[in-house]
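A.B. asks: Got a structure for you, written out below as structure tokens; questions coming shortly.
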Amino acid sequence: MLPSQSYVNISFFQPPAFLMIGIPGLEAVHGWISIPFSSMYTVALAGNCLILLAVRRTPSLHQPMYYFLSMLALTDVGLTLSTLPTTLAVLWFDRRLIGFSACLVQMFFLHSFSVVESSVLLAMSFDRFVAISNPLRYAAIFTNSVIIKIGLAIAARATVSLFPVPFLLKRLHFCPGKILLSHSFCFHADVMKRACTDITVNILYGLYVVLSTVGVDSLLIVLSYTLILHTVMGLASPRERVRALNTCVSHILAVLVFYIPVIGVSMIHRFGRHLPHIVHVLIAYVYLVVPPVLNPIIYSVKSKPIREAMLRVLREKRQS
């Protein structure tokens, strides 16, 4: 039960807390559902931390491509930790309340890490383009200082883009009876729909953030691979073409794993209101949980240097 409070100004109301839900209609088996969720969170954290350790401890992996992979792994750790506490609290202990301020903080980090992931994938596509189209200047272009600047620019871009969002929500008047969220975490589109006032500004700014970050990034990634294909088709040897394209397979899979759920979430929020609520919930979980789980698997399977470095770290841990 929410604590009863008296509000002097009835025309403006902010709930002390929101009420989260797990999988609608399956509350009786949340304990069983928590098992695959716990497993996925464990795989995501362990796999991405293992990549970070492997790159750090292997001098031969101190190259731009693997530095960008480390950024992706670190982002996936952050994205996982953004939703893990509240999701497992709902599924394990049925602890469904989240404070208003805590909700805004979670929402900020959740969306910020999503923007960072999109930006890192864009940086990785530029990395592949330079490596294939201009291999002799690759090391001169992607120096350590340039990579650090790219990382700082990515973090600054996400922070600046998402910083106004919590303040735009704090100005809204919320309905006292509308505190039930649609997920086990705070999603911007979900929280703003709990308001009783006009949310046009919130909708427009949310659309601007999506288009200026994920939208622009996806177009530039497509452009990068168009140029990569043009370069590869110009290679004389079929073997060289296959070898060049093989260096892009892991990144292409990571792009698909991230952007397909993003497109699914965007389409469902705008055009899928007639769909059962469980579809909205499951797509949101796929968007936030699946990429951090699959990315370490993709890179460990498709990249031999990463796979060998990860196995070496595991052997060292076992011996120690």
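All residue numbers here begin at 1 and follow the chain in the order shown.
Cβ coordinates are placed from backbone N, Cα and C, and glycine is handled just like the others.
Heads up, TrEMBL stuff is auto-annotated, nobody curated it.
Features from TrEMBL:
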- 47-299: domain 'G-protein coupled receptors family 1 profile' (DOMAIN)
- 7-26: transmembrane segment (TRANSMEM)
- 32-55: transmembrane segment (TRANSMEM)
- 67-92: transmembrane segment (TRANSMEM)
- 98-126: transmembrane segment (TRANSMEM)
- 138-160: transmembrane segment (TRANSMEM)
- 203-228: transmembrane segment (TRANSMEM)
- 249-272: transmembrane segment (TRANSMEM)
- 278-301: transmembrane segment (TRANSMEM)
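Set these features in their place in the structure for me.
C.D. replies: Here the domain 'G-protein coupled receptors family 1 profile' (47-299) returns a mean pLDDT of 92 for the predicted model.
Residues of the same chain lying 6 or more positions beyond the ends of the transmembrane segment (67-92) and with a Cβ under 8 Å from any Cβ of it are 20-22, 30-31, 33-34, 37-38, 41, 44-45, 48-49, 51-52, 55-56, 98, 106, 109-110, 113-114, 116-117, 120-121, 123-124, 127, 147, 151, 154, 184-186, 254, 288-289, 291-292, 295-296, 299, 306.
Residues 14-18, 20, 65, 68-69, 71-72, 75-76, 78-79, 82-83, 86, 150, 154-155, 157-159, 161-163, 165-166, 169-170, 185-188, 191, 209, 213-214, 217-218, 220-221, 224-225, 251, 254-255, 258, 262, 288, 291 of the same chain sit 6 or more residues outside the transmembrane segment (98-126) yet have a Cβ under 8 Å from a Cβ within it.
Same-chain residues lying 6 or more positions outside the transmembrane segment (203-228) and placing a CB less than 8 Å from one of its CB atoms are 111, 114-115, 118-119, 121-122, 125-126, 128-129, 132-133, 157-158, 161-162, 164-165, 168, 188-189, 192, 244, 248, 252, 255, 259, 262, 266.
Taking Cβ pairs closer than 8 Å, the transmembrane segment (249-272) reaches residues 72, 114, 117-118, 121, 124-125, 128, 189, 210, 214, 218, 221, 225, 279-280, 283-284, 286-287, 290-291, 294-295, 298-299, 302-303 in its own chain, all 6 or more past its ends.
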